[in-house]
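**Q** Per Swiss-Prot, the features are:
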ACT_SITE  679  active site
ACT_SITE  722  active site
BINDING   356, 357, 358, 359, 360, 361, 362, 363  ATP binding site
DOMAIN    6-207  domain 'Lon N-terminal'
DOMAIN    592-773  domain 'Lon proteolytic'
């Protein structure tokens, strides 16, 4: 070994001697880091590590000064990673070493120098001492029942195969039952004669202690009086008799349950067979406990139990409108779904999957569906699930096995026809334990789930009466799972909807939660709008509810602190006092017309945004540069806009070779925020034309639309959110693709009235409305 520095692992409960092969369980972070830092030696293609004893057993994170300097250089034979972030390694102790320059922050590391054993000059004397030690160990092993017979056989085999006195001494020392400090002292001793005499002394001491302990135990047993033995046996008989009576009563209860429950034929036969097996078992055996747990689980399921579900779509619609503002299309589809269920007790159509950003009401919609159907609601959280057994259950052969989560939820709600929410179905993953998404296929398929077999139960259970509804934040689902679902997309709330939700739902809810009396606190509409604009940035209303709660608490504190204050009216002026400085800003129109700066419109998870696009030209080679953390699609859109401009350069009074002398740098501010998508094409093109022709862009005009190389304007998404952002930011005119005119019917009237919305089909129309002057034929 040429390497003089290696990772170092501290041991708490063992001292390893050279020549010994030993298993080690690794669980502490520093030890795992040291293990991960090991590298393959160039000499023999093996990994090596240093191991040493720590001075204090109970020290979880010892310092470098709390480690012994005499250690072992070990070859790593095998590494087995365990599921609970630990590992088991098998090492072969190669040599005893002296440590120096021990360092340890994330993992210990040290320099080392091999310590040779002193030479044995009196071989005959050493042979005599070693033979004596081997005989003493055999005697000790026979006397002391604590030493396992297999260990004795292994040690004797190792000793008989070894011709090296040092190896035999190390083998005996490693199996001595003595303190860790004593073993460490043996390891540090370089004289073979001193080490073997110490081993012999320890063995003699162990033999004397063992014989003394055995004699003492024999004397104590003889001192037990006959009356005490009789009393003990009598009490034991009473306990056994009581246990037998209890077992008979318990088995009778199980038998009665089997007869009374509406089990399927298969389940009843299985239960009777398991009960028959249980009667013949020793009630104290482990197998008896496994069988008893199985029967208890099987009989606790709601076999044949159904809630009286009576669907009234008018009542269901009232419940949905009561609990949710807006979401008209979503509620309409849910009512259609319930209408089919009202006419047919079972639905064979696809499973509903509500997809949308956090906080838009997906979970509460499912609760309202359950209430509207008159069924119990249960939730199965699938986020982070990566084990197939959590869906299908564990087989009985495994220790601690149990049924899957599907049957676990039915057991919890005590009915076979609940509404079950499969929450965060897109957050499942897979690993070596299987793919839970594949396990869900049988659960969600109406043609198969009436014969669902849990691995633990091993009998069929009918899931066809369960209404499964899934939720997800992303539409990126496994193909097979996606095919079994009808996706209903729930977009983020627009500002007006958030205002109505806050005024009609969130404020009353927070007042009720904080026990606010009538007329004690009022929150103005402008204050709520400022909360939405400057203190939250989200698709849903969770953060808005938290901020309203914070406002309520601040106001309540003032009322309770000052008895003269009877009423607090919270308006926009109170927000910074109660909640601190503004957290966010929404985009505003430019203050004046700019050259090379255009206002685009973006659609994000949290709504619409104004997107400023600016450009500069400077001497160069005709290249285009983009900054602002733009995605690949947006970069390609910029290239398309530049190519379209170059092809029309003569239309703007520019020569074909003008652009060759300039580089154009396009930047989209808020550089830390990723931006992507093709809908900024119009704005990018307008920015380049304005820059090169020196014609300003109207500051009150915003635009959205993808462009082609031929200058056509293509449709975009998120029109509603983009128009809302334009109205909020002081924009007067918005240019939209002609193909998006059909989407204007979904835009609130107040938004359409506040904006001049112009449809365009090509970039010439865009430039006509966007630029202060016209560059055509200049």
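Glycine residues also receive a Cβ, built from the backbone N, Cα and C atoms like all the rest.
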**Q** So if I draw a 10 Å sphere around the Cβ of residue 722 (active site), how many other Cβ atoms end up inside it?
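**A** The Cβ of residue 722 (active site) has 27 Cβ neighbours within 10 Å.
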**Q** Around the ATP site formed by 356, 357, 358, 359, 360, 361, 362, 363, list the extra residues of the same chain whose Cβ is within 8 Å of the site's Cβ centroid.
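**A** Other same-chain residues near the ATP site: 354, 471, 473, 490, 539, 540.
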**Q** By the DSSP assignment reduced to helix, strand and coil, which category contains residue 356 (ATP binding site)?
**A** coil
**Q** Excluding near sequence neighbours, so keeping only residues 6 or more apart in the same chain, what lies with its CB under 8 A of residue 358 (ATP binding site)?
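**A** In sequence order, the residues whose Cβ lies under 8 Å from that of residue 358 (ATP binding site) (at least 6 apart) are 473, 538, 539, 540, 542.
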**Q** Can you tell me the three-state DSSP label for residue 361 (ATP binding site)?
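**A** Going by the DSSP assignment, residue 361 (ATP binding site) belongs to neither helix nor strand, so it counts as coil.
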**Q** Out of 357, 361, 363, which has the highest number of nearby Cβ atoms, where nearby means within 10 Å of its Cβ, if these are the binding-site residues?
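**A** That would be 361, with the most Cβ atoms nearby.
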**Q** From the Cα of residue 722 (active site) across to the Cα of residue 362 (ATP binding site), what is the distance in angstrom?
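**A** So the alpha carbons of residue 362 (ATP binding site) and residue 722 (active site) sit roughly 23 Å from each other.
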**Q** Drop a 10 Å sphere on every Cβ of the binding-site residues 356, 359 and tell me which sphere holds the fewest other Cβ atoms.
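**A** The binding-site residues 356, 359 were compared, and 359 has the fewest Cβ atoms within 10 Å.
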**Q** Can you check which residues sit near residue 360 (ATP binding site), meaning Cβ under 8 Å from its Cβ, same chain, 6 or more apart in sequence, and list them in order?
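**A** Expected: 490, 491, 492, 493, 539, 540, 541.
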**Q** Measure from the CA atom of residue 722 (active site) to the CA atom of residue 363 (ATP binding site) and give the result in Å, rounded to a whole number.
**A** 27
**Q** Provide the three-state secondary structure of residue 679 (active site) computed with DSSP.
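**A** Assignment for residue 679 (active site) reads coil.
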